[in-house]
Amino acid sequence: MRLDLKDSRIFSAVRLMSSFRFAGNGLKLAFLEPNMRIHFAAGTIVSAAGLIFSLTRLEWCIIIGLIAGTMALEIVNTAIEKAVDLVTKEYKPLAGMAKDLAAGAVLLYACAAVIIGLIIFIPKL
Ligand SMILES: Nc1ncnc2c1ncn2[C@@H]1O[C@H](COP(=O)(O)OP(=O)(O)OP(=O)(O)O)[C@@H](O)[C@H]1O
């Protein structure tokens with residue numbers, strides 16, 4: 001049976017909706033992780049400070065990028081941890097390296113986010 005253009009568009013829309021549903025499920029799963037909740041709490045506090053100190057549009061763009069970037073990296077870190085645990089539960093140096101590298105990426109970005117946050121907020125105090 002041949003599908004016409006209209007059918008393939010419907011399938012694309014269904015596939016797109018499924019992708020959003022799976023991604024939404026990923027976000028829900030991420031929030032079960034304690035570290036993700038810490039990032040979310042920090043992001044909420046920084047956003048509240050942003051409202052109090054009336055950040056400019058550009059400053060908001062930077063802060064939102066930093067908050068979302070840190071949380072996105074944490075999600076990738078969690079995904080890597082899960083994938084490593086799926087591959088092996090035994091002690092393997094490569095498994096440890098993979099987890100440590102992923103955690104290092106989060107730490108690096110979070111440190112940069114803190115420094116940039118201080119550069120933005122300190123002159124407003
Ligand atoms: N299979 C393994 N082989 C070798 N080292 C491992 C292994 N699993 C974990 N490790 C080491 O233990 C550390 C902690 O791993 P774990 O899976 O407990 O992450 P976690 O503490 O839950 O991380 P997070 O706090 O980000 O959720 C890793 O960063 C790694 O150094």
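Even glycines carry a Cβ here, placed using N, Cα and C.
Over in TrEMBL, the protein carries these features:
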type	residues	note
BINDING	ARG15, GLU33, GLU81, LYS99, ASP100	ATP binding site
BINDING	ARG15, GLU74	substrate binding site
BINDING	GLU33, GLU81	divalent metal cation binding site
TRANSMEM	38-56	transmembrane segment
TRANSMEM	62-80	transmembrane segment
ACT_SITE	GLU74	active site, proton acceptor
TRANSMEM	101-122	transmembrane segment
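A map of TrEMBL features onto the structure.
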residue: ARG15; record: ATP binding site; DSSP (3 states): helix
residue: GLU33; record: ATP binding site; DSSP (3 states): coil
residue: GLU74; record: substrate binding site; DSSP (3 states): helix
residue: GLU81; record: ATP binding site; DSSP (3 states): helix
residue: LYS99; record: ATP binding site; DSSP (3 states): helix
Handout entry: Cα-to-Cα gap, GLU81 (ATP binding site) vs GLU74 (substrate binding site), nearest whole Å
Key = 10
Completion exercise
GLU81 (ATP binding site) has its Cβ surrounded, within 10 angstroms, by a count of other Cβ atoms equal to 16
Practice task
Please report how many Å separate the Cα atom of GLU74 (substrate binding site) from that of GLU33 (ATP binding site), as a whole number.
Solution key: 9
Exercise for the section: Please compare the binding-site residues ARG15, LYS99 by how many other CB atoms fall within 10 Å of each one's CB, and tell me which has the fewest. Expected result: ARG15
Exercise for the section: Would you count the other CB atoms within 10 A of the CB of ASP100 (ATP binding site), including those on all shown protein chains? Expected result: 11
Problem - Other C-beta atoms that fall within 10 angstroms of the C-beta of GLU74 (substrate binding site) - result: 23
Exercise for the section: Would you work out the biggest C-alpha to C-alpha distance among ARG15, GLU33, GLU81, LYS99, ASP100, the residues that bind ATP according to the record, and give it in angstrom as a whole number? Expected result: 35
Practice task
Measuring CB to CB from GLU33 (ATP binding site), give everything in the same chain under 8 Å that is also at least six residues away in sequence.
Solution key: GLU74, THR78
